[in-house]
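J.: Relevant sequence annotations retrieved from TrEMBL are reproduced here:
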DOMAIN    516-709  domain 'STAS'
TRANSMEM  73-96  transmembrane segment
TRANSMEM  102-119  transmembrane segment
TRANSMEM  165-184  transmembrane segment
TRANSMEM  191-213  transmembrane segment
TRANSMEM  219-238  transmembrane segment
TRANSMEM  250-267  transmembrane segment
TRANSMEM  279-298  transmembrane segment
TRANSMEM  334-354  transmembrane segment
TRANSMEM  366-383  transmembrane segment
TRANSMEM  403-422  transmembrane segment
TRANSMEM  467-492  transmembrane segment
Amino acid sequence: MKRPAARQYVVSRPLYSEEAFAEEHEKLYRQRKTILDHVKQYFTCDAKRAKNAALSLLPIIGWMKVYQIKEWLLSDIVSGISTGLVAVLQGLAYGLLASLPVRYGLFSAFFPVIIYFFFGTSRHISVGPFPVLSLMIGSAVTRLVPDDGPAMNITGFEGLTMDEQRVLVASSVTFLAGIIQLAMGVLQMGFVVMYLSDTLVSGFTTAAAIHILVSQLKFVFGLEVPGISGPLSIIYTLEIIFNKISSTNVCDVVISLVIMVVVFIVKELNDRYKSKLPVPIPIEVIMTVIACGVSYGFDFRTRYGIGTVGDIPEGYETPIAPNLHIIQLTAGDAVPLAIVGFAVAFSVAKVYSVKHDYAIDGNQELIAFGVSNIFGASFRSFAASTALSRSAVQESTGGKTQVAGLLSAIIVMIVTLSVGFLLDPLPLSVLGAVVIVNLKGMLMQFREVPYLWRRDKHDCMVWLGTCILAIFLGLDLGLAAGLGVELISVVLRTQFPRCSVLVNIKGTDIYKDRKDYTDIYEPAGVKIFRIPSPLFFANIEFFRTKLVEALGFNPLRVLRKRNKAVRVIRKLLKKGELQWTSTGFLNTSCKPIKDSEDEGNMEELDLPTDFKDLPVRIDWDAELPGNLSVPPVEIHSLILDFAAVSFLDISALTGLKTLLRELVRVEVEVYIVACDPYILEKLHDCSFFDDEVQPSMFFLTLHDAMLHILEKHPESTEKKSDHDMVRSG
């Protein structure tokens, strides 16, 4: 239904080609900075820039100046205590994921938090161990120090126990990941996270959740299962579990099921009534305390043979240096560790920064996590990022700044220094059950697949490809393979874009896909072709193929046929077998005219048609002498819509020029519209134009080109009685 008083606009202006517009409107000259100028600016320093650099490097200076003690401090204290309790439990659980003694999970929940407090830009994320990173660390640890068999021959392993060797591996690969993150931050490479799309991260973390689930089954069933890393490790682990399933410890299974059911129900209630609850019920902590008490009271370790956390030595250990031999062997593990850790933390930080209206700096976040991991690795902690569930606790319990994070680290420190012995009887199955319950959010990402399939099949294939490859190849190779799938998807989208033929919507200056509308106006002899993609080496042939398909003829084939016909006509005129009369060519020979078998120089067939030595210029739309035939060309004007062409490379430039020449040589006028000024400038710089391909074929808008064609070819509008004309203003 049309609105009774629809808004309209009327524009009256001259018809503009690019040349005409440039003549009438003077363009400002802008001095462009060279690479040397950018380098000089980067290393130039003054008082103001030094101050900004200091504030940027230490964001704490900025937010501490505006810290509102009365309004924020109490909220940060409550949030810090709640987050600290969760961090203790998750630190223990994720220490198991990393194939390390559980106490080192507490180290990872303490040291990185202290450093991030000074260097981080997010006020709400809870820094510490993250299950995906813990599993990736565990993969490197079990590869170098396997459960069943001798460790790799590494300098520095002499005289160390298995646990000490594993801690050295974890701290060394964490140190290297921190160096990578710090280097990326200093070099302003925070943009790399843009290459990890939300779809890829979702598929990758879902695969990681499956790996984590499988890795925790041995604690749930109370089985001895060696850590396995590498491709198909998940299959081998499941095979071992199924072979040993008859040895399941029933007590561990019962404990795990009770913990999972209770924690799941209470967490669902927390989500449903979060608006009414002052703070979420810390059910994991409550169930851990109950499980510790019950296990101690009934002596589960002796009576039922369940595995427990055991003795947790109090205090911290002396700093250690990374092992260079291990760093060399784990470089392939450190790169995905650094990228995934930053990508996850930055994604979570971005969510909360938008919600609470403050800015975060990707490069500074890289520096913060890089320094955190370097410092933490020196004190035997493993790679830190952030866990969504823990960050949600810190934010939902009222946390305003990283003061809450600092207080959570103090809670972890108190447990490490004073009350760690209370966790001695805690069943490992409890930690496994808590880890599995907290996988719900990542596992539920499977629900995205039907939506992606309906909305964007390319993204769906990226999700499925990343997830499946990460499940079977392992997380490190799976991430690399997922990136490959994502890049292939991007290439395919640009290599095979959805080209279209446009038509005018009657009575407007609007042009749409011919297949989508019925109330259209399409002048005879005019074709409008649009390519919604950059033109580069991989899709220039596709562009040519689609254009030829839309035109209905191949300009090169037509040109060759015409030149062969001219060659035959010239030869017959010379022999006297063909004459020119006022009514046209007359065949004076009784023989039928045939194409000459002697083609002569084939390269000449691709040159412009030469009518010299002929009495008249041949009209290719008229009947040719004898049985000579040339494919018809039913259009006189072609408009190429370059509005969506963002760049041209040299290969595409060469291919485009060849195509334009062929069209011009078969007497088709070509107009290129809405071309980006920088592309037009590049064409001039690359000597694109000559006597055939001229700057005059470029027009400012599609409508300008159409009006120019209709003025030049009034015969195109002969069906005016049947169609409304294109309005010219």
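Indices start at 1 and increase along the chain as displayed.
Cβ from N, Cα, C; glycine included.
All annotation found in TrEMBL is predicted automatically rather than curated by experts.
Each of the listed features needs to be described in terms of its position in the shown structure.
T.: A Cβ distance under 8 Å defines the sequence-distant neighbours of the transmembrane segment (73-96), meaning residues of its chain 6+ beyond its ends; these are 102-109, 126, 128-131, 134, 216, 219, 279-280, 282, 284-285, 288, 309, 387, 389-390, 393-395, 397-401, 403-412, 415, 423, 426, 428, 431-432, 434-435, 438.
Remote same-chain partners of the transmembrane segment (165-184), defined as residues 6 or more beyond its termini with a Cβ less than 8 Å from a stretch Cβ, comprise 98-101, 104, 137, 140-141, 144-145, 151, 154, 156-157, 190, 192, 320, 322-323, 326-327, 330-331, 333-335, 337-338, 341-342, 363, 366-367, 369-378, 380-383.
Within the chain carrying the transmembrane segment (219-238), a Cβ under 8 angstroms from the stretch's Cβ atoms is held by residues 96, 99, 138-143, 146-148, 210-211, 244-245, 247-249, 251-253, 256, 305-307, 428-429, 431-433, 436, 471-474, 477, all 6 or more beyond its ends.
Within the same chain, residues 121-125, 127, 130, 132-133, 136-137, 173-174, 176-178, 180-181, 184, 190, 192-193, 196, 198, 201, 204-205, 327, 360, 362, 365-366, 369-370, 373, 383-386, 388, 391, 395, 475-476, 479-480 sit at least 6 positions outside the transmembrane segment (334-354) and bring their C-beta atoms closer than 8 Å to a C-beta of that stretch.
With a threshold of 8 Å between CB atoms, the same-chain residues lying at least 6 positions outside the transmembrane segment (403-422) that come near it are 67, 72-73, 75-77, 79-81, 83-85, 87-88, 91, 103, 106-107, 109-110, 113-114, 116-117, 125-127, 292, 311-316, 394, 397.
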J.: Let me know the model's mean pLDDT on the domain 'STAS' (516-709).
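T.: Value for the domain 'STAS' (516-709), mean pLDDT as a whole number: 86.
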J.: Using Cβ atoms and a strict cutoff of less than 8 Å, what residues sit near the transmembrane segment (467-492) while being 6 or more residues removed from its termini?
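T.: Same-chain residues near the transmembrane segment (467-492) but 6 or more away: 132, 135-136, 139, 195-197, 199-200, 203-204, 206-208, 210-211, 229-235, 332-333, 336, 339-340, 458-459, 461, 538.
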J.: I'd like to know if the transmembrane segment (279-298) touches the transmembrane segment (102-119) in this structure, counting it as a touch only when three or more C-beta pairs sit under 8 Å and are separated by 6 or more positions.
T.: no
J.: Give the nonlocal contacts of the transmembrane segment (279-298) in its own chain as ranges (CB under 8 Å, at least six residues past its ends).
T.: 78, 82, 85-86, 88-89, 255, 259, 262-263, 266-267, 269-270, 306, 308, 393, 396-398, 422-427, 430, 434, 437-438
